[in-house]
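The following features are taken from Swiss-Prot:
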type    : residues                    : note
BINDING : Cys62, Cys65, His66, His117 : heme c binding site
SIGNAL  : 1-26                        : signal peptide
Amino acid sequence: MFNKNFWTSIIIGCLFCTITYSGVNAAALDEETRTVALNSTETVVLTPEQVKRGKRLFNSTCGICHVGGITKTNPNVGLDSEALALATPPRNNIESLVDYMKNPTSYDGSEEIYDIHPSIRSADAFPKMRNLTEEDLYDIAGHILLSPKILPSQWGGGKIYY
């Protein structure tokens, strides 16, 4: 039926496509794309290194539950720009996301959820949060805010994309 060379070619082709198209190179992003909200009135330009670190830290620390900007435990609340802006308080800037990673609250802001959501405050129960620095949280927040610019329909778009 199919010979060994056929399957080898298929595997090599798949690996090539995966490596070539696996993501956007941080150095290739222009300054405008790397500009995100620092707080409600100021913006900041992430460095290519912050972009890379933020993605790596997000994937290793948050990606289990938030792969692709979704929330596995509550598919109604994602990490897309609209959901972050509509949260109470809004979580659509670096400072507010860092605050959330330190002391998370429910989407409507009515109750603290550090006992069920990983955070710096609950690092004893969620060991992946234990060694994160302020700089790490900043870079993770930057990744969350940058991702909708890079993957506009996929980030937070749900399982139809992943």
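Sequential numbering from 1, following the chain as shown.
From the backbone N, Cα and C atoms, a Cβ is placed for every residue, glycine too.
Proximity of His66 (heme c binding site) to non-local residues of its own chain (separation of 6 or more, Cβ distance below 8 Å) is seen for Phe58, Lys72, Leu79, given in sequence order. The residues near the heme c site, meaning same-chain residues not in Cys62, Cys65, His66, His117 whose C-beta sits within 8 angstroms of the mean position of the site's C-beta atoms, are Gly63, Ile64, Thr71, Lys72, Thr73, Pro118, in sequence order. When the binding-site residues Cys62, Cys65 are scored by other C-beta atoms within 10 Å, Cys62 scores highest. Between the farthest pair of Cα atoms in the heme c binding residues (Cys62, Cys65, His66, His117), the distance is 12 Å.
DSSP assigns Cys62 (heme c binding site) to coil in the three-state reduction, outside any helix or strand.
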